[in-house]
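What follows is a single structure, written as structure tokens, with notes after it.
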């Protein structure tokens, strides 16, 4: 044993010391030692390296190392075969995160295809896999002195271009979108790069909806806002749909001659209608009290439900400002305003001894606003939501369509007016009068109420119809593509709703990957919800506390402290 110790402590031969060539030796900070591997051989079985040491391969085999700066020569020797010696570097060397990246080059092997770049290129993004020396060290191959990744080769051209261009991400045309998305996640380019990629590919950013902080408020919000959350929520949605349908039916039926209020439609009511209304059982509505009218009673009940639903949702919503800016909530407000205006007008007429309190035209416009209640059905209809999302995403194309139609209408209405100017039987008395004909012709409707009679006018009409077909056909494929995207996103089981509740903890970036895994591994049915609560807790432990929303159970990870449980919450549901 003493002989072996003396052999290990003996200095190496001078000839070997002169042949040594110092390799790159980045050292880790914090007082940790850096070990230099001088051979291809793996460490002996049972030998483990300390967790705070970084292994850096040397350039030469079976040769001792001479430290830069005149350090003492290493101690130890090599047996016959491969040598497996490690040596702590002097503490004066730079740390791993502070190494000089200017002139050094690195070789990256992607499934047999080698790429060579400079370390300073990778160091531009230290938060990524290739930019962080500690993260990429696990993929280092000491036999070939290169980094090896068994990944998609065509995708790495774009990944390396991301570093070379300073953050520009472009998908190769021969790489599918899903594969390139996985490569972005593997190389840990970050959420910003993923968002840029999705925007360039035409994906819309998924809307994140916050949940209320209080449990009772959250339960009420889910009950009235998300019908799939529980059985009672579906029941409330059914009641709301029935009330909307009843309100629309009443709005239509009260315009029939048998039920029409004569004082509201004096100009449009014929003598036959008066006679029919007089012979009907409800023909005396004009003389009867409006408060006892059956239509008014049913309308009042519908308005009571609409008002109750709107107030409950307003007080339970997580953000009053966001709630007030939502277009669907504005429609709810517009749907109930005409009732209160009509009620106030009726009361004013009673106090004024039957004198008309408001212009009849204004009153009709106010009552017409009631028809917007039909848009309340979109809250409970996926088809209407898809249509609304399609129109919203296609606003640019629709704007171009309207602009093209406007140019065509001006052009062809002017042309047909001058072409028909010499014919006294022509119906085109002016250019604005020809606007209607141009719109009807370009949209290929062709009512026939106005038509050219001269040869020149017919030629203009033919060109107008052809131009209309071409103009309308140009933006239609883009609109159809948007519709297909939203339709398949709804029907292929992708994420339907995403609600985020951000508490005091701000660890958003660390939790994004776990949320994506939970979304991809989700096996929930349409009526089930999974609540993932993350933050300053142990994610691997997952102690669960169920919270009920009707007939569905949501699991909440707690840390023996319910107040600190909710930091980031997302609810996922599959169709």
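Yeah, the Cβs are placed from backbone N, Cα and C, and that goes for glycine too.
Listed in Swiss-Prot for this protein:
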type	residues	note
LIPID	317	S-palmitoyl cysteine
MOD_RES	499	phosphotyrosine
MOD_RES	520	phosphoserine
REGION	482-575	region 'Interaction with KCNE4'
TRANSMEM	235-253	transmembrane segment
TRANSMEM	295-316	transmembrane segment
TRANSMEM	328-348	transmembrane segment
TRANSMEM	363-381	transmembrane segment
TRANSMEM	398-417	transmembrane segment
TRANSMEM	459-481	transmembrane segment
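Residues 227, 237, 240-241, 244, 247-248, 251, 264, 328, 331-332, 334-335, 337-339, 341-342, 345, 388 of the same chain lie 6 or more positions beyond the ends of the transmembrane segment (363-381) yet place their CB under 8 Å from a CB of it. The recorded stretches the transmembrane segment (328-348) and the transmembrane segment (295-316) share 3+ CB pairs below 8 A when only pairs 6 or more apart in sequence are counted, and are therefore in contact. Averaged across the region 'Interaction with KCNE4' (482-575), pLDDT for the predicted model comes to 43.
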